[in-house]
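Here is what Swiss-Prot says about this protein:
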| type | residues | note |
| --- | --- | --- |
| ACT_SITE | GLU183 | active site, proton acceptor |
| ACT_SITE | LYS225 | active site, schiff-base intermediate with dihydroxyacetone-P |
| BINDING | ARG52, LYS142 | substrate binding site |
Amino acid sequence: MSAYCGKYKDELIKNAAYIGTPGKGILAADESTGTIGKRLSSINVENVEENRRALRELLFCCPGALQYISGVILFEETLYQKTKDGKPFVDVLKEGGVLPGIKVDKGTIEVVGTDKETTTQGHDDLGKRCAKYYEAGARFAKWRAVLKIGPNEPSQLAIDLNAQGLARYAIICQENGLVPIVEPEILVDGPHDIDRCAYVTETVLAACYKALNEHHVLLEGTLLKPNMVTPGSDSKKVTPEVIAEYTVRTLQRTVPAAVPAVLFLSGGQSEEEATRNLNAMNKLSTKKPWSLSFSFGRALQASTLKAWAGKVENLEKARAAFLARCKANSEATLGTYKGDAAADTESLHVKDYKY
């Protein structure tokens with residue numbers, strides 16, 4: 001197979017490897033205006049641009065936090081926002097050794113003839129947008145495909161459509177200098193057990209890598225953002241060690257060694273659960289040719305939001321909470337987390353979650 005070997009090849013490989021640096025991970029701060037509005041309303045803060053900007057400044061300018069972060073996924077609005085002192089967020093991140101990334105999908109639409117299964121849209125002007133984002137300083141991108149587990153789901157049609165969609169997105173990104181994060185999220189919603197989740201995740205990942213190869217995507221210049229293999233939200237919980245064994249086995253069976261890093265989504269787990277599960281994976285002594293890290297949104301921000309509550313006087317307390325989560329997850333990428341960081345243990349699960 002001839003993989004992409006255009007002018008950005010070396011840069012893509014270097015940036016993908018950097019994002020996967022052990023001890024670091026991704027902060028997902030790419031919530032849409034509607035989604036961040038729900039977060040802000042949970043702390044009684046109005047969803048206006050200044051409040052959204054203030055929250056992002058709280059996170060990006062938190063002293064000491066960026067040493068644990070290799071990339072931040074931004075929403076388009078944030079790519080062009082500045083600190084209150086007028087410094088572009090992109091410059092703040094770069095100076096902190098963090099690569100800016102950008103969410104490029106345009107949400108999901110229902111696949112006709114299925115039971116509410118979806119595919120992701122946004123390919124039409126993707127090349128043009130990627131070139132513009134690269135110019136603005138972005139160096140990687142994210143595209144979320146969403147699948148669900150049901151009696152007959154995911155259907156082969158939904159799997160194929162989403163795998164092909166991710167592959168088309170990935171090669172367009174690479175042609176424009178952006179490392180594509182491939183995110184086939186299998187929602188945790190439902191009563192299924194962990195074996196069913198493992199089977200579906202293997203099937204979906206196998207389809208994704210087949211499609212990526214068919215589109216001549218340079219795997220060394222990509223990253224994978226999958227769900228952890230867990231029981232459904234309405235099923236009996238299992239230990240982090242069991243989740244680690246199932247998840248790593250699933251990756252071993254499906255993800256090529258050429259991929260530099262796997263950065264898990266938290267999928268509505270509590271802050272503490274997400275960190276403990278990641279830590280358990282990195283403690284496993286088995287074949288792991290990729291680094292295993294995090295690309296967390298809610299699981300990095302929940303306790304920070306609660307501490308901040310939109311008040312200037314709470315800034316220090318909120319930053320301390322954010323720094324603690326960044327450090328805890330950094331330790332989890334090394335398998336050294338001891339569970340001593342203040343964390344929110346409340347489930348962050350939202351049924352049929354939309355970004």
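All positions are counted from 1 along the displayed chain.
Cβ from N, Cα, C; glycine included.
All features noted in Swiss-Prot, drawn onto the structure.
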residue	record	DSSP (3 states)
ARG52	substrate binding site	helix
LYS142	substrate binding site	strand
GLU183	active site, proton acceptor	strand
LYS225	active site, schiff-base intermediate with dihydroxyacetone-P	coil
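Between the alpha carbons (Cα) of ARG52 (substrate binding site) and GLU183 (active site, proton acceptor) lies a span of roughly 25 Å. Taking only the Cα positions, the spacing between the residue listed as 'active site, proton acceptor' and LYS142 (substrate binding site) is 7 angstrom.
Across the recorded positions listed here (ARG52, LYS142, LYS225), the residue whose Cβ sits among the most other Cβ atoms within 10 Å is LYS142. On a Cα basis, LYS225 (active site, schiff-base intermediate with dihydroxyacetone-P) lies 9 Å away from LYS142 (substrate binding site). The Cβ of the residue listed as 'active site, proton acceptor' has 27 other Cβ atoms within 10 Å, all protein chains considered.
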